[in-house]
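Engineer: Here it is, the structure, as structure tokens.
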Amino acid sequence: MPKYRSATTTHGRNMAGARALWRATGMTDDDFGKPIIAVVNSFTQFVPGHVHLRDLGKLVAEEIEASGGVAKEFNTIAVDDGIAMGHGGMLYSLPSRELIADSVEYMVNAHCADAMVCISNCDKITPGMLMASLRLNIPVIFVSGGPMEAGKTKLSDKIIKLDLVDAMIQGANPNVSDADSDQIERSACPTCGSCSGMFTANSMNCLTEALGLSQPGNGSLLATHADRRELFLNAGRRIVALTKRYYEQDDESALPRNIASKAAFENAMTLDIAMGGSTNTVLHLLAAAQEGEIDFDISDIDRLSRLVPHLCKVAPSTPKYHMEDVHRAGGVLGILGELDRAGLMDNSVRNILGLSLRETLDRYDIMLTQDDAVKKMFRAGPAGIRTTQAFSQDTRWETLDDDRQHGCIRAREFAFSQDGGLAVLYGNLAENGCIVKTAGVDEGSLVFSGPAKVYESQDDAVAAILGGKVVAGDVVVIRYEGPKGGPGMQEMLYPTTYLKSMGLGKACALITDGRFSGGTSGLSIGHASPEAASGGTIALVKDGDIINIDIPQRGIQLDVAENELAARRLEEDARGEAAYTPHGRERQVSFALRAYATLATSADKGAVRDKSKLGG
């Protein structure tokens, strides 16, 4: 029988000092026999997806204590990728994932907590907490802040839905008036919550459901809706039961590595492909799998991407649907239900509810359930009122979207495409693979060839695009923006956004060893591995080289003879210590970022730290 970790600090005469300090936090004699459960919050006023979380940790803590546990809350950092976008702040986004994972480990291990509730939401916070959970392998439940309502405004006598990306595109479009741009900006992000499309934050919060670590509705139920309160209350109650299952009943099925097994990771990736999720999820799932010592790598993603159809199309891939529409159509379990009926799920995996996926679908898939309370929950909708308050409205859709032929979520035979929403491409330009969000690629661009326009930084590429130096047919190559070369693997949302603003969104391709925002669409290929700073072929590309992209055949090829590439590599090697560094780029890189770069691996490994360099 495992011993409560917290007993290390609460039992024995030699722990009198620790108990004295615990008493100073409000603990009593009765508390010293109870499990100590960390409430890992991420409240900050910097991020709309986290601005409403201040009191939600207390809500969870009160339920933990009412259920027989001791709750202790702490906070992690949280970077807003949208605000950090397009300047030096974006260098810090991906490295913050590692800091979050480490800070959770530090706090939980330093104080010997027995279990955790992770209150996450936005881009790097959920992945960082997920990595920590699998690293620590103690009972955990995720409950995120929830999605933002979609923006809505009236332009040209038509009501349109909006999100952050629309504000960025129209703000840079010279053909849009100042008045219209301002109206779109003011309407795009109306409430608290993670940005309203299938961007990175919402993708990851959906994936925690598929991994079995969060409750039904976690990924899609709006931040503003009163129903979301119940997820937080249930998390507080359920984590105590989960904790006691492990420590008092020796039930290892309560541990995250046994819930988020390889089969669960494959289910999660299958979901991601089916819903056309953010390409960043590839990085984060690979990183989390390594933390949990789970045998899941990019070859698994490639295999799944060839099998799974595209069943759910959401902004930024279409303006028609946002997360509120996904929820109305049954949320994550609506998609998983269609995948299960298509024979693409392992429905034996179990979750924090103690149910198998098969049992969970029977109760929570709107196409199967007879539970009126479940149907009511999935009718939770937007109120259209600007607010930063959680649980501030209780609007309901009159009906569910159960149209699996024409609706937001489709059955396999009516899929948006039989090819999934993400693909791994291989070739001499990316020998270890690169990622494209096929859900956002125009059908006419699935096969594309063009001359390279090479830039050593995102900033140079943006200047060239806005300056008219990039023309239809070009393949924009942005290199030395990988985990090591950036450092920090910046998101390239501004270059892709500005291509659209200049009318080139369907006429150009973009390839980078950096990454893309979940808000990116178009022929945008990221995560080229090995990255330029690690000697990848992308470092050898020259202006005018022809690059051939074939998504159906999963190929990406630099049309340069092998002997010419060998000569270029010798020339690059001859630069000595400057080899595989950007030519003429001036960028201030802090000590913290240099330290990150020293251990960073390429994207095909999840951009995690290279443990071999530490002897581990």
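Here the Cβ of each residue, glycine as well, is placed from N, Cα and C on the backbone.
Here's the feature list from Swiss-Prot:
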type	residues	note
BINDING	ASP81, ASP123, LYS124, GLU491	Mg(2+) binding site
BINDING	CYS122, CYS195	[2Fe-2S] cluster binding site
MOD_RES	LYS124	N6-carboxylysine
ACT_SITE	SER517	active site, proton acceptor
Engineer: In whole Å, note down how far the CA of SER517 (active site, proton acceptor) lies from the CA of CYS122 ([2Fe-2S] cluster binding site).
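Structural biologist: For CYS122 ([2Fe-2S] cluster binding site) versus SER517 (active site, proton acceptor), the Cα atoms are 12 Å apart.
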Engineer: If I restrict to non-local contacts, at least six residues apart, and a C-beta distance under 8 angstroms, what lies near ASP123 (Mg(2+) binding site) in its own chain?
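Structural biologist: The answer is VAL79, ASP81, SER93, PHE199, THR200, ALA201, MET204, ASN280, GLY518.
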Engineer: Quick check: in three-state DSSP terms, what is the residue listed as 'active site, proton acceptor'?
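Structural biologist: The three-state answer is coil.
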Engineer: Give the residue from the binding-site residues CYS122, CYS195 that has the most other Cβ atoms within 10 Å of its Cβ, counting over every protein chain displayed.
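Structural biologist: Checking each of CYS122, CYS195, the winner is CYS195.
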Engineer: Restricting the comparison to the binding-site residues LYS124, CYS195, GLU491, which residue's C-alpha is spatially nearest the C-alpha of the residue listed as 'active site, proton acceptor'?
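Structural biologist: Among LYS124, CYS195, GLU491, GLU491.
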Engineer: Other than ASP81, ASP123, LYS124, GLU491 themselves, what residues in this chain have Cβ atoms within 8 Å of the centroid of the Mg(2+) site's Cβ atoms?
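Structural biologist: Near the Mg(2+) site, the remaining chain residues are VAL79, ALA84, MET90, SER93, LEU94, CYS122, THR200, ASN280, SER517.
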Engineer: Can you tell which of ASP81, GLU491 has the least company, meaning the fewest other C-beta atoms within 10 angstroms of its C-beta, among these binding-site residues?
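Structural biologist: Taking ASP81, GLU491 as the binding-site residues, the minimal 10 Å Cβ count falls on ASP81.
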Engineer: Counting every protein chain present, what is the number of Cβ atoms, excluding its own, within 10 Å of the Cβ of SER517 (active site, proton acceptor)?
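Structural biologist: I count 31 other Cβ atoms within 10 Å of it.
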Engineer: Tell me, how many other CB atoms lie within 10 A of the CB of LYS124 (Mg(2+) binding site), whichever protein chain they belong to?
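Structural biologist: The answer is 31 other Cβ atoms.
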Engineer: Distance check, please: Cα of CYS195 ([2Fe-2S] cluster binding site) against Cα of LYS124 (Mg(2+) binding site), rounded to an integer number of angstrom.
Structural biologist: 14
